[in-house]
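Below is one structure; the comments refer to it alone.
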Amino acid sequence: MAPHQRIERDIQGSDDLLPVILKSEKITYLRENKLGQGSFGKVLHYKIQDTSEDVAVKFIKRKEGLKELKMLKKINAFDPDKNCFLKMLDHFEYKSLICVVSEKLDQTLSDIILKRNQRPFDVCELRPVAQQLLVALRALKTIGLVHCDIKLNNVMFVNHQSYPYKVKLIDFGLAREKTSLRRISNIQIVGYKAPEVVFGCPLDEAVDMWSVGCVLAGMYKAKHFYPRTCLYDYIASIIHMQGQPPDNVLFKGKRVYGFFKQSFTLDDLLNQRATDINEDQSDEALNHNFFTMKHLSERTKDPYVTSAQEIMSVCEPVTTMQPDAPNRHPEHSVFQIVFEKIFIFSGHCHAQIYDLLCGNCEWKRVVRHKRRFFR
């Protein structure tokens, strides 16, 4: 077997096959240690020899690497710092592998949750992370890309000590052009997979919005919000907490009957109602009171408000944009979907979150979800 074939085959194994000294056309990189590993490659910490600058080098199998490189080039042309993306610095080939050099970030959301001893994030800590992720989704929508793999491990803090709440979206190995999405697509992992992906419905950038909601819920609960054991348990958990997806979603799905016949009669399936999972997009969400904090403006002397404003200072100002669809009633905003469909907590938490988010007395009403038994 040729050496380059062995390297590609063993990319998931020992790091010894990867170079201590790595050279591109103009730059020499010196290896430090391993940072992470994925399905198609691994990430190592290197230093630039001339400047001692820390960088991350991702070694990827050639076929998958060329696809990821195509996505990264599109993203890199769209101001990664402003739009909260990982910034690519260099790329080249090493034998049969694609090497992508990027800025070295700090820790993933999963790392931070573990270091906090699984202490949940407060709402004021969650807000800037949510805002930055929506900025990233809005930029991806403009480019015509869908990330397809948003999860706790793919959101990283830039520098948790110097900029505690500054985050970036990473790992575009599964990213796709929106026009290339198909109903039967193997995208997203269980626990973050949008229901329309599971059911085989038409897909668009809304699948990323669902995953962001799962990430935010995971931060609030300090653990993965939904079970990740199998699709059956995952969908059963969603239905138990949020109710059945609406008829217009189920009728479009190519895999609905095969999935639901284990637990539900047809009448039961068709008589259930739930909020449409594709209601809102990132543009409209960014102008929500949750991010602008307009509802807190009258409480300027409140320590909570001061703290929340300071924490949000890491975020870039958001330019107002007109949504593509007609304006909807405030009750149909994305954060009703996120906090009713994703953040289903105990009654007192639900009421407190609604109060903090919107300052709307009508939203203080707690919707108590009745337990739903399978037939």
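Glycine is no exception: its Cβ is also placed from the backbone N, Cα and C atoms.
The feature domain 'Protein kinase' is assigned by TrEMBL to 29-291.
Within the same chain, residues at least six positions away from LYS58 (ATP binding site) with a Cβ under 8 Å of its Cβ are GLY41, LYS42, VAL43, CYS99, VAL100, SER102. DSSP assigns LYS58 (ATP binding site) to a strand segment in the three-state reduction. Taken from TrEMBL, the feature ATP binding site covers LYS58.
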